[in-house]
Amino acid sequence: MPTPDSPVPLPSADELVERSHVVALPLVTRFRGITVREAVLLEGPEGWSEFSPFVEYADPEASSWLAAAVEDGWSRGPEPLRDFVPVNATVPAVHADEVPAVLARYDGTTTVKVKVAERGQSLSDDVARVAAVRAALGDGGMIRVDANGGWAVDEAVAALRALEPFGLQYAEQPCAGVDELAALRVRLDGRVAVAADESIRRAADPERVVAAGAADVIVIKAQPLGGARRAIALVERLGLPAVVSSAIDTSVGLSLGARLAAALPGQQLACGLGTASLLAADVTADPLRARGGAVAVRRVVPDAELLARHAAAPERTRWWRERLRRCAGLLAARTDVG
Ligand SMILES: O=C(O)CCC(=O)C1=CC=C[C@@H](O)[C@@H]1C(=O)O
Ligand SMILES: [Mg+2]
């Protein structure tokens with residue numbers, strides 16, 4: 001019987017494939033360049049879990065996402081300290097006119113994360129979108145922006161100068177590199193806080209963010225970090241305020257994020273776990289959506305009928321199952337996870 005701290009034994013690739021259901025869920029609006037989100041749902045002995053690394057990620061990176069899915073489906077997971085976690089609304093890089101309709105999909109959220117620095121758009125698009133969010137929120141709510149590393153340091157200084165008057169809680173990954181983030185923080189001199197996302201979840205050495213003084217806040221995602229236990233340990237090691245976020249997961253993956261967030265002690269910043277509202281379809285009739293600005297901390301069991309209705313096309317199912325097998329092979333050889 002594994003204890004909460006003992007490694008979770010890796011199931012065989014055959015078992016993983018037998019327990020897998022591949023789905024393709026339409027989004028209500030384009031996000032991160034996609035309009036359909038594909039995911040593998042695994043019926044583990046301890047509950048359903050999700051394996052959904054972005055399609056362009058190579059197998060070594062995707063294998064960390066599988067470690068998270070195995071840990072979640074094959075073990076009990078961390079003890080929750082609360083029943084609900086506050087979430088932010090997430091606004092994709094839509095036209096400013098579309099902001100009210102996007103926000104209307106979230107119930108009771110008073111923190112909004114706005115995508116900025118989208119390729120093909122300009123700073124004036126970002127300013128108009130953030131202004132529309134501030135107009136909808138009124139003076140009370142919090143706004144964060146996420147540039148996904150899209151700005152050079154000088155561009156970030158100029159963009160944040162233009163966005164700062166709308167009141168920013170922080171700027172998430174304004175520049176791509178850790179050294180750039182550190183240089184930007186010096187230039188901003190505390191006027192806008194900086195959060196690190198890709199510099200944590202895609203980095204070989206997330207500790208560098210702290211060593212370089214590159215961030216005020218860290219963004220923590222269970223799947224890319226290899227599971228809730230590793231994510232919790234990382235938050236403890238880095239010692240910065242953490243925001244738990246997700247990866248356009250189905251409600252099953254969002255449930256892991258909610259259970260991770262609920263296990264973290266201390267002050268809760270709104271989590272990026274409200275994105276079920278961006279899905280036009282989900283795997284359960286009771287999606288993990290925000291109510292009163294928070295999502296419930298619970299496991300999610302997909303409905304068989306919805307798994308069947310949203311099953312991916314046969315060639316996509318084959319593609320994902322082959323990826324699952326390759327990642328299982330890589331994971332079996334890794335000593336840093338499990
Ligand atoms: O944090 C949120 O509000 C929702 C999740 C989110 O923004 C993201 C999910 C998946 C990929 C990313 O482009 C994006 C992010 O960078 O945080
Ligand atoms: Mg981000």
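Cβ atoms are placed via backbone N, Cα and C, with glycine included.
Now, the feature entries from TrEMBL:
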- 96-191: domain 'Mandelate racemase/muconate lactonizing enzyme C-terminal' (DOMAIN)
- K115: active site, proton donor (ACT_SITE)
- D146, E172, D197: Mg(2+) binding site (BINDING)
- K221: active site, proton acceptor (ACT_SITE)
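Recorded features from TrEMBL, shown on the structure.
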{"residue": "K115", "record": "active site, proton donor", "DSSP (3 states)": "strand"}
{"residue": "D146", "record": "Mg(2+) binding site", "DSSP (3 states)": "strand"}
{"residue": "E172", "record": "Mg(2+) binding site", "DSSP (3 states)": "strand"}
{"residue": "D197", "record": "Mg(2+) binding site", "DSSP (3 states)": "coil"}
{"residue": "K221", "record": "active site, proton acceptor", "DSSP (3 states)": "strand"}
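Within 10 Å of the Cα of K221 (active site, proton acceptor), the following recorded positions from the list K115, E172, D197 place their own Cα: D197.
In the structure shown, across all protein chains, E172 is the one of the binding-site residues D146, E172, D197 with the greatest number of other Cβ atoms within 10 Å. Proximity to ligand 2 (Cβ under 6 Å from any of its atoms) holds for these recorded positions out of K115, D146, E172, D197, K221: D146, E172, D197. If you draw a 10 Å sphere around the CB of K221 (active site, proton acceptor), it holds 24 other CB atoms from the protein chains shown.
K115 (active site, proton donor) is surrounded by 21 other CB atoms, counting those within 10 A of its CB over all protein chains shown.
Cα separation, E172 (Mg(2+) binding site) to K115 (active site, proton donor), rounded: 9 Å. Compute the center of the Cβ atoms of D146, E172, D197, which mark the site for Mg(2+); besides them, the chain residues with Cβ within 8 Å of that center are K113, R144, V145, A147, N148, A171, Q173, A195, E198, V219, S245.
If you take every residue in the domain 'Mandelate racemase/muconate lactonizing enzyme C-terminal' (96-191) and average the pLDDT, you get 97.
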